[in-house]
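S.K.: For reference, Swiss-Prot lists these features for the protein:
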type	residues	note
ACT_SITE	E258	active site, proton donor/acceptor
BINDING	F223, L224, I225, Q230, G231, R232, G233, H234, G235, S236	acetyl-CoA binding site
DOMAIN	142-306	domain 'N-acetyltransferase'
SITE	W177	site 'Interaction with histone H4 N-terminus'
Amino acid sequence: MSIDDFKPEKWTISSNEALKLSLVSEDNAIQFSPTFTYPIFGTEEQIFGYKDLVIHLAFDAITFKPFLNVKFSSKFEGSEEELVNIKEKLLEYLPIDDTIYKDEEKWIDSFKKEQESIEAYKNDQNIDEYKIDNADFEIYKVNLQDPKMKRFHRRIQIFSLLFIEAASYIDEDDPKWEIFIVQTKKDKKFVGYATAYNYWYYPGANNFDSESKYRYRGKISQFLILPPYQGRGHGSHLYNSIVKNWRNDSSILEIVVEDPNESFDDLRDVNDLEMLYKDGFFNKLPQERPIPNAWIESTRLKYKIEKRQFSRLLEMILLSTGSNNFEYQVKQRLLIKNKDGLEGMEVSDIKDALNKSFESLREDYDRILGKCQFSNDADGPSKKKIKT
């Protein structure tokens, strides 16, 4: 070996690049790369000690039976402590007794046998069905304590680490976790899922004794459509199905989302706006300035939308309908929210700060409204110039 062969960069590869994910079905195999690998291989997302490293992590598209294989042309001849044992590292995050390593034939035989005896979800667990591009899809809601779901979730949960930033595994023994599963109706291929948790909702001291049954806050935790199915509307269908299911559940008083990223915020905003538009909400806004807090509170509870989200939606609707109340409503909220930071500033500086925040927010609201279908409808709300 030459001196160059001992340079660290010769033996280092991006773990995002090395890890190849595959969904295998009878007619094809779709390969794609993870977005994140730092939960498994560290913050640098690099693996040292192997040349031409390829990590194959494949799943049957129906059962999601996992298969793992690690290939490389040579291994660094140094201390074993310096090297990551890739097989052992990945098996920490996979169902160890359920994952087939290297023996591809055994893996294929295993998932084919499992497909023959696979047990369908119960009819009462089916909460929705929809069609995209002439293909039918179905959504099921299943408690994580269901043995079939618990085994399936152990197989798919690694995708939360690989595609959801800052995700971690949930406590599978907590009976309050529920899983919303999307799959193709014909051949039962897995499309995506969301984990959800019902938190007890404290109604306040005045109402606590009068409540006849427990009420809950429904929380969407992890939400993922697998990459091969992204960009086709599955996320909106899944989100709307969860919301519809919870709005029809009298025990759920409010719907919240745990640490949403920007793309999920957009999906949520657009679908909440579309839902409110279809319900005729845009024509029901009071004309008072400011809009009464009592009306805001009673209306958001009717739709089971959390306070911050409802405020955003209300402001976007005011902008969309050209209401002169838009600027007043937004600036009043910003003034209250930033009261401590604005204290002691000159009046002119406060106005400048509010105007800057207002314009930035309006620009973002315009961006979101532009994604809504009603913005392009001939009889949809027409945006007018807001007087400033």
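Note that Cβ sites are derived from N, Cα and C of the backbone, with glycine treated the same way.
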S.K.: For each of G233, G235, count the other CB atoms within 10 A of its CB; which of these binding-site residues has the top count?
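M.R.: Counting every other Cβ within 10 Å of each candidate, the maximum falls on G235.
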S.K.: List the same-chain residues at least 6 positions away in sequence whose Cβ sits under 8 Å from the Cβ of E258 (active site, proton donor/acceptor), in sequence order, or say none.
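M.R.: The list for E258 (active site, proton donor/acceptor) reads K219, I220, S221, given in order along the sequence.
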S.K.: Rounded to a whole number, how many Å is the Cα of G235 (acetyl-CoA binding site) away from the Cα of W177 (site 'Interaction with histone H4 N-terminus')?
M.R.: 20
S.K.: Provide the number of Cβ atoms within 10 Å of the Cβ of I225 (acetyl-CoA binding site), excluding the reference atom itself.
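M.R.: Step by step: centre on the Cβ of I225 (acetyl-CoA binding site), count other Cβ atoms within 10 Å, giving 22.
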S.K.: If you count other Cβ atoms within 10 Å of each one's Cβ, which of the recorded positions W177, F223 has the most?
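M.R.: Its Cβ has the most other Cβ atoms within 10 Å: F223.
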S.K.: With Cβ-Cβ distance below 8 Å and at least 6 positions apart along the chain, what are the contacts of G231 (acetyl-CoA binding site)? List them in sequence order.
M.R.: none
S.K.: With DSSP assignments reduced to helix, strand and coil, which class does W177 (site 'Interaction with histone H4 N-terminus') get?
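M.R.: SS state of W177 (site 'Interaction with histone H4 N-terminus') = strand.
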